[in-house]
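Quick look at what TrEMBL lists:
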ACT_SITE  His114  active site, proton acceptor
BINDING   Cys122, Cys125, Cys143, Cys146  Zn(2+) binding site
DOMAIN    1-267  domain 'Deacetylase sirtuin-type'
Amino acid sequence: MIVNILAITGAGLSVGSGLPTYRGAQGRYTALEAEYGLPVEKIVSVDTLRNRPELLWKYWLAMHANYAQATPSIGHYALKRLSEAAGEYMEVTQNVDGLSLKAGVDRKNVIELHGSALRYVCQKCGYVHQLGLSPEMAIPPRCYRCRDPENALIRPDVVMFGENVNEDNLFRAIDYAAKTDLVIITGTTLGFYYLIAILATAVEAGAKVIYIDPEADREHPMFYAAADHEKVIKATTAIRSTADEALCRLVPALIEGDRATLAEFGL
């Protein structure tokens with residue numbers, strides 16, 4: 001059993017939960033852009049939140065219905081099992097759906113790099129609100145605790161386009177990566193340079209990498225963003241599979257020490 005494990009997860013992990021990925025023919029962003037005739041970078045952005053908050057909230061109400069109804073996938077539960085069996089475990093997720101936590105992974109073992117769609121905060125005072133969202137609600141919602149509610153909009157507690165990820169969360173992920181033995185990447189195209197920074201830190205410390213994706217490739221274009229990209233590529237085994245299918249084979253093999261199956265994953 002490999003002792004310290006880091007999972008880097010994205011929207012593909014939640015496909016088994018009925019949530020579409022962001023891009024592609026059936027992607028969340030693809031549908032959004034078609035409906036509004038704007039790139040998603042304009043709709044889910046700090047500028048739209050500031051200047052056209054009703055547009056952002058109209059989108060958010062539609063998205064929230066998906067999040068509220070979703071249940072963890074087989075892959076989420078597989079990672080939950082792994083989190084309990086590993087010596088140390090950390091999941092760094094781009095997902096805002098909260099499904100890893102719903103599956104039972106301990107909150108201290110999940111870093112939500114892009115925030116949570118299940119939390120709402122006043123952008124003026126920072127108060128965390130519990131909102132019962134519905135299509136009939138007044139949008140944008142405003143903070144009743146502020147003395148100037150007209151200028152105290154409530155927003156989803158997620159990282160929008162034009163914002164940076166929380167530095168404390170990023171540094172926490174990098175610190176953990178420096179001591180991990182194995183990185184499991186699933187459900188993400190690694191389209192952010194800070195994810196490569198986390199991955200490169202783990203590889204530099206000697207970790208092996210399993211990259212799971214239906215189109216996985218050892219020579220992923222984003223790997224070349226790493227200073228020592230050759231080392232990252234050499235450490236990586238690419239598994240062309242869905243998250244659910246691969247994790248259902250990998251996790252039991254890691255826990256039980258199934259050498260034949262582990263060899264298929266480059267271990």
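The backbone N, Cα and C atoms fix where each Cβ goes, and this holds for glycine too.
Long-range Cβ contacts of Cys122 (Zn(2+) binding site) within its own chain (separation 6+, distance under 8 Å): His129, Cys143, Arg145, Cys146, Ala152, Leu153, Ile154, Arg155. Cα of the residue listed as 'active site, proton acceptor' to Cα of Cys125 (Zn(2+) binding site): a span of 20 Å.
Close to Cys125 (Zn(2+) binding site) in the fold, though at least 6 residues off in sequence, lie Cys143, Arg145, Cys146, Ala152, each with a CB less than 8 Å from its CB. Fewest Cβ neighbours within 10 Å among the binding-site residues Cys143, Cys146: that distinction goes to Cys146. Its Cβ placed at the centre, the residue listed as 'active site, proton acceptor' has 19 other Cβ atoms within 10 Å. This prediction places the mean pLDDT of the domain 'Deacetylase sirtuin-type' (1-267) at 90.
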